[in-house]
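Peer 1: Just passing along the structure, written as structure tokens.
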Amino acid sequence: MTHWLCFTLALVAVRGVLSEIQLVESGGAIRKPGDSLRLSCKASGFTFSDTWMAWARQPPGKGLQWVGEINGNSETIRYAPEVKGRLTISRDNTQNLLFLQISSLKPEDTATYYCAR
């Protein structure tokens, strides 16, 4: 029996006082266990390169789980213990993009994924 994993992304938009802060995620898909997946988050409305960015996820019927975070110059990256070694967080400050690469997908990776600042 083949199991399928579902990855969804949420659009997060926060209105700022002088500008609109937006985080727009993409890359969600249905994958099989063992596959890999790359999620992206396009940021605007703030100085991306100066900002710590994070990924979180919410499995169906469960609470929000912190996945990891990365500082502005990518020198410091932290991961939740349960995902360390299978997830890679990176960023491209020239394009204001945040990435989450997930390898060796497991059923417990099924969740809605969020990027945050």
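Just so it is clear, glycine is given a Cβ too, placed from its N, Cα and C backbone atoms.
Per Swiss-Prot, the feature signal peptide maps to 1-19. The region 'Framework-1' annotation in Swiss-Prot covers 20-49. Annotated disulfide bond per Swiss-Prot: C41-C115, in sequence order, evidence recorded as sequence analysis. Swiss-Prot lists 50-54 with the feature region 'Complementarity-determining-1'. Per Swiss-Prot, the feature region 'Framework-2' maps to 55-68. The region 'Complementarity-determining-2' feature in Swiss-Prot is assigned to 69-85. The annotation region 'Framework-3' is assigned in Swiss-Prot to 86-117.
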Peer 1: With the region 'Framework-3' (86-117) as the reference, which stretch in 20-49, 50-54, 55-68 has the largest tally of C-beta pairs below 8 Å?
Peer 2: 20-49
Peer 1: As a quick check of your reading of DSSP, tell me how many residues in the region 'Complementarity-determining-1' (50-54) are helical, how many are strand and how many are coil.
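Peer 2: Across the region 'Complementarity-determining-1' (50-54), DSSP assigns the residues as follows: 1 helix, 2 strand, 2 coil.
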Peer 1: I want to verify one value. Collapsing DSSP to three states, which class is C115 (disulfide bond)?
Peer 2: strand
Peer 1: Tell me the Cβ contacts of C41 (disulfide bond) under 8 Å, same chain only and six or more apart in sequence, or just say none.
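Peer 2: Long-range Cβ contacts: L23, V24, E25, S26, M53, W55, L97, L98, F99, L100, C115.
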